[in-house]
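Shown next, in structure tokens, is the structure this report addresses.
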């Protein structure tokens, strides 16, 4: 087919990214969302959910590494990890790079995303057959309510906070997360862009503070996400997420100990954001 252009439908961004694509590899609709896989000359294959780009082959590692490794290395000995969302398998791949991990449970409500990723993104979904991995197609909000003092790390890799993903950003959900974590457990979730979604970031942080004694925020650049300057919100019971508790001994393309330390916002600027004094 001739080159055509796909225009993203991000419900929260004031801009629209447009991608030149050479081939449509898959189009379908699951019980929960529209799913597309397209081929781009520059980005390679692209996963799109409900009109919003989730990742591209070319640069998916920025997001998956940065959502995973800061909290995994903040924890001294992460053995049991829960991933809510992340049906593409990218976070699971990064979690299982840690030798300390004995069990990683991936709970994604949409089994079609899991199957599409296995078929079209084998380098992302490559750890789904690892014997330490448990893949469940369930509602993560309901699943977590059945567990107390169970997990060392909980990572939420959700889509934008609309529709069925909205409950994963609420005070009620974070209460369940806190209860499901062990006494030194730590949580992280993607919390949108500081450029275009500052109100969401602040709301996310304040909701976490209702349950967790230690709450923080770090960022990185995600080139394909509207706003680019992407945030990740951390809730911890004991560990300071700015500090690395173990040797960085996993193979990564972007994350490193230096990246970890520099990803967190300067404390004064962080407080300025939370206090509503950062406006532009």
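The count begins at 1 with the first shown residue.
Backbone N, Cα and C atoms are what each Cβ position is placed from, and that goes for glycine too.
Values in this document were obtained by computation on a predicted structure and should not be read as measured data.
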Joining 33, 139, 140 at the S-methyl-5'-thioadenosine site recorded in Swiss-Prot, out of 10, 108, 152, 184, is 108
Cα-Cα distance maximum in Å, computed over every pair in 33, 108, 139, 140 that the record assigns to S-methyl-5'-thioadenosine
16
What is the separation, in Å, between the Cα atoms of residue 64 (spermidine binding site) and residue 139 (S-methyl-5'-thioadenosine binding site)?
21
Would you mind sorting out which of 88, 158, 159 (the binding-site residues) have a C-alpha within 10 A of the one on residue 108 (S-methyl-5'-thioadenosine binding site)?
88, 158
If you measure between the CA atoms of residue 33 (S-methyl-5'-thioadenosine binding site) and residue 159 (spermidine binding site) and round to the nearest Å, you get 11
Output, ordered by sequence, the same-chain residues six or more apart from residue 139 (S-methyl-5'-thioadenosine binding site) with a CB under 8 Å from its CB, or 'none'.
107, 109
